[in-house]
């Protein structure tokens with residue numbers, strides 16, 4: 001037997017395809033990161049400028065319950081109380097159900113069943129809030145009115161329940177991620193000790209997953225705090241009521257109230273002008289809201305990064321009795337908790353399909369509206385598509401650049417600061433973005449209602465999603481790839497261009513689609529900046545004073561005027577169309593993700 | 001993968017978009033865009049119908065109702081719209097807040113705001129209210145309809161949100177020139193926006209009361225308007241000014257209307273346009289003797 005040495009004939013150096021210096025890479029990356037910071041600064045800055053433009057009595061704003069601009073009394077306590085009650089209620093309902101469902105999904109169900117269910121939950125998390133609002137106004141109000149025996153049914157409780165339904169998918173999705181991140185050997189070790197399933201979950205799986213599940217709750221809370229439109233439709237919008245005793249507190253739940261976001265979504269920002277004490281008070285409310293949301297988001301994402309931090313000393317719990325029975329009871333409870341969101345999904349779909357059946361008639365898609373609520377919604381569809389397409393084109397380079405910079409930046413600290421800024425921007429209540437757009441683009445720059453203003457205010461919704469998915473993907477680049485690129489003598493810029501960008505772009509596109517799915521359902525930012533209800537041409541012919549019509553705002557207007565059966569039909573039909581559009585975007589994102597990598601990059 | 005073709009396609013798309021945006025901005029920087037009408041939901045149906053009729057003549061008109069009458073006026077002053085719809089006369093405060101705007105109001109008709117209650121309450125005996133009773137109702141001092149000779153049913157007040165013309169008419173009726181107090185701290189109090197929303201909430205709430213244009217309850221058998229101080233909201237009483245909560249309806253412009261704005265206002269003032277007032281239950285200029 002002879003051994004042969006493998007030799008490779010020498011090859012002349014390739015003269016054609018050397019990467020060029022690619023200096024523009026840095027310009028692009030920093031432009032992206034700068035844009036993210038600038039967008040956040042603009043939102044905070046306009047609130048700050050508004051406050052500086054008129055004296056704000058912070059003590060009054062935070063402790064006075066009456067709000068009456070005609071008498072120059074600006075007290076925000078009733079709204080803060082409303083926000084607190086609504087969010088607390090949402091959490092009380094959503095958290096046990098979501099945690100139970102998440103545990104059932106990851107620990108009890110066979111993977112064959114769990115996978116599609118997980119996907120459903122993620123889809124549910126992206127249903128536009130206006131659709132939840134519509135369901136709330138049509139289904140929930142009458143129920144509350146009957147149960148609590150109050151007229152109308154507009155109440156803090158209704159708002160809390162709508163929010164609970166909205167945030168459940170978010171909490172489940174993020175909690176499941178935390179649970180599946182627990183390595184299987186932990187479970188195996190626990191089972192081999194002879195523990196029941198309940199004991200395994202409790203003593204082996206939950207402790208390492210706990211911080212992630214807590215983060216899920218905070219992210220859900222941030223969403224609940226920032227939601228304006230769904231709450232607006234069912235909360236009743238009456239300020240100035242504060243309970244003084246526990247009985248009154250219970251009573252106040254079934255009666256109308258006001259939250260920070262609904263105050264801002266009402267007509268008052270339009271009435272307040274752009275300076276003076278009234279405007280300053282409105283900006284003050286906005287700042288309070290932004291601070292609350294930012295605190296929840298930052299805290300939430302911090303907790304998740306830290307992983308399983310606190311090791312608690314083990315306690316001896318004594319010998320448990322009735323282990324089998326307890327195990328079975330807990331299993332029933334958890335599967336029951338899973339059943340609830342599933343029923344919800346089925347119920348919502350059934351409701352949408354039956355009530356919105358007009359959406360399956362092609363002519364509904366391709367004819368324009370006649371009168372207030374007749375005909376189809378072609379113009380609204382075109383308007384929505386135009387808005388999200390423009391938003392996508394504007395947001396893609398910015399988010400891509402910012403994401404790569406966060407992912408590869410050498411300094412740990414800068415990356416963390418950038419990441420935090422991005423997360424806060426992503427969690428910023430969209431109503432604030434809309435108001436910033438109204439004040440800056442529509443009023444100060446004189447654009448009036450303009451589709452471009454609408455697209456621009458949607459950019460901050462999409463950019464963080466792109467940036468975060470991209471940066472997560474950049475971090476997962478195998479070290480060998482980086483090392484071989486460096487050993488070939490590539491500069492950092494060339495490395496970004498030839499290694500990072502090709503490796504990351506599927507994630508970026510997924511992020512873009514996810515972000516656009518969210519943007520497509522946004523109502524609040526468009527109300528003041530971009531849309532009218534009637535008479536806008538299908539395709540705008542300019543920028544200044546060129547409004548469009550869009551599906552979410554169309555549904556919003558129709559659902560407020562819900563007395564007319566024709567308007568109701570059209571609202572449900574439009575909701576169905578909107579859900580279909582977001583579903584297409586999401587399915588594309590999910591398909592892309594599954595094709596390139598089996599892992600979740602979202603939230 | 002992220003190849004050259006993809007990249008150049010992306011570059012070309014974005015460049016094209018930017019160029020077309022720039023092109024649009026150039027060609028349409030003038031006032032060739034659609035005529036923008038916004039404001040009161042009371043006037044909106046008339047304006048929408050007129051806009052529909054004028055579409056055939058090639059006029060592009062958009063109608064929006066964000067913020068009600070006061071919203072329309074402030075948007076007109078800010079130069080964001082061409083015509084403001086208003087269901088209240090221009091107040092001194094509006095002029096003082098916008099000294100640079102040369103408001104010109106054109107009256108197009110009149111309307112009556114009613115205090116609307118549910119049929120059940122009206123049938124049980126609440127047919128007439130005095131100004132004091134209306135004030136006590138809206139301040140939350142009267143909590144049950146039995147205090148007014150009605151059924152044993154809780155009162156539920158729907159007030160219009162700030163800036164709505166309807167609300168200012170009501171405030172003027174019960175408070176005169178004084179400032180309205182802050183909203184009552186009662187559990188049975190909620191705020192509504194547009195007229196259709198108000199009607200919908202009234203119909204779905206037993207024991208509800210709200211200010212609403214009487215034209216919006218015509219043909220609704222669940223709702224009724226009460227007489228105020230014994231005066232019914234009949235056309236004669238509105239024309240003579242006897243009915244206390246009648247109000248003129250206006251289209252407002254900044255300076256004399258020109259071009260398409262003038263065409264629009266002129267159309268509303270023609271016989272055809274005035275018929276729209278009747279169609280939506282308002283009084284024409286002729287009926288009120290103007």
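Cβ from N, Cα, C; glycine included.
These numbers come from a predicted model, not from an experiment.
The transmembrane segment feature in TrEMBL is assigned to A:28-53 (among others). Within the chain carrying the transmembrane segment (A:28-53), a Cβ under 8 angstroms from the stretch's Cβ atoms is held by residues 274-276, 279-280, 282-284, 286-287, 290, 397-406, 418, 421-422, 424-425, 428, 432-433, 435-436, 439-440, 459-460, 463-464, 467, 496, all 6 or more beyond its ends.
Residues or ranges marked as transmembrane segment by TrEMBL: A:73-102 (among others). Within its own chain, the transmembrane segment (A:73-102) is flanked in space by residues 56-57, 60-67, 156-157, 159-161, 163-168, 171-172, 175-176, 179, 213, 216-217, 220-221, 224-225, 231, 235, 239-242, 252-253, 257-263, 277-278, 281, 284-285, 288-289, 292, 333-334, 336-338, 340-341, which lie at least six positions past its ends and keep a Cβ under 8 Å from the stretch.
Summarising the annotation, TrEMBL assigns domain 'ABC transmembrane type-1' to A:80-300 (among others).
Same-chain neighbours of the transmembrane segment (A:123-144): 150, 152-155, 157-159, 161-162, 165-166, 168-170, 173, 227, 229-234, 254, 341, 344-345, 348, 351-352, 355, 514, 517-518, 520-523, 552, 555-556, 559, 562, 568, 571-572, 575, 578-579, 582-583, 586, counting only residues six or more beyond its ends whose CB sits under 8 Å from a CB of the stretch. Look at TrEMBL and you will find A:123-144 (among others) tagged as transmembrane segment.
If one looks beyond the transmembrane segment (A:156-179) by at least 6 residues along the same chain, the residues whose Cβ comes under 8 Å of a Cβ in the stretch are 82, 85-95, 97-99, 101-103, 105-107, 118, 121-122, 124-125, 127, 129, 132-133, 135-136, 140-141, 144, 148, 205, 209, 211-213, 215-217, 219-221, 223-224, 227, 230-231, 234-235, 252-257, 259, 304, 341, 344, 600, 602-603. Taken from TrEMBL, the feature transmembrane segment covers A:156-179 (among others).
The transmembrane segment annotation in TrEMBL covers A:215-235 (among others).
Residues or ranges marked as transmembrane segment in TrEMBL: A:278-299 (among others).
Tertiary proximity for the transmembrane segment (A:331-353) is limited to same-chain residues at least six positions away from its ends with a CB under 8 Å from its CB atoms, namely 96-101, 103-105, 108-109, 117, 120-121, 124, 127, 131, 135, 139, 165, 168-169, 172, 197-198, 572, 575-576, 579. As annotated by TrEMBL, transmembrane segment applies to A:331-353 (among others).
According to TrEMBL, the feature domain 'ABC transmembrane type-1' maps to A:381-589 (among others).
Sequence annotations record features per position, and here TrEMBL assigns transmembrane segment to A:385-408 (among others).
TrEMBL lists A:420-445 (among others) with the feature transmembrane segment.
If one looks beyond the transmembrane segment (A:451-474) by at least 6 residues along the same chain, the residues whose Cβ comes under 8 Å of a Cβ in the stretch are 32, 35-36, 39-40, 43, 383, 386-388, 390-392, 394-396, 398-400, 402-404, 406-408, 419, 422-423, 425-426, 428, 430, 433-434, 436-437, 441-442, 500, 503-504, 506-508, 510-512, 514-516, 518-519, 522, 525-526, 529-531, 540, 543, 546-548, 550, 597, 601-602. Feature annotation from TrEMBL assigns transmembrane segment to A:451-474 (among others).
Feature annotation from TrEMBL assigns transmembrane segment to A:495-517 (among others).
Residues annotated as transmembrane segment in TrEMBL: A:571-592 (among others).
Segment contact is absent for the transmembrane segment (A:420-445) and the transmembrane segment (A:571-592), given fewer than three CB pairs below 8 angstroms at sequence separation of 6 or more.
Proximity of distant same-chain residues to the transmembrane segment (A:215-235), defined by a Cβ-Cβ separation under 8 Å and at least 6 residues beyond the stretch ends, is recorded for 82-83, 86-87, 90-91, 94-95, 98, 102, 129-130, 132-134, 136-137, 140-141, 153-156, 158-159, 162-163, 166-168, 170-175, 178, 256-259, 261-262, 264-266, 289, 292-293, 296-297, 299-301, 303-304, 427-431, 523-524, 552, 556, 559-560, 603.
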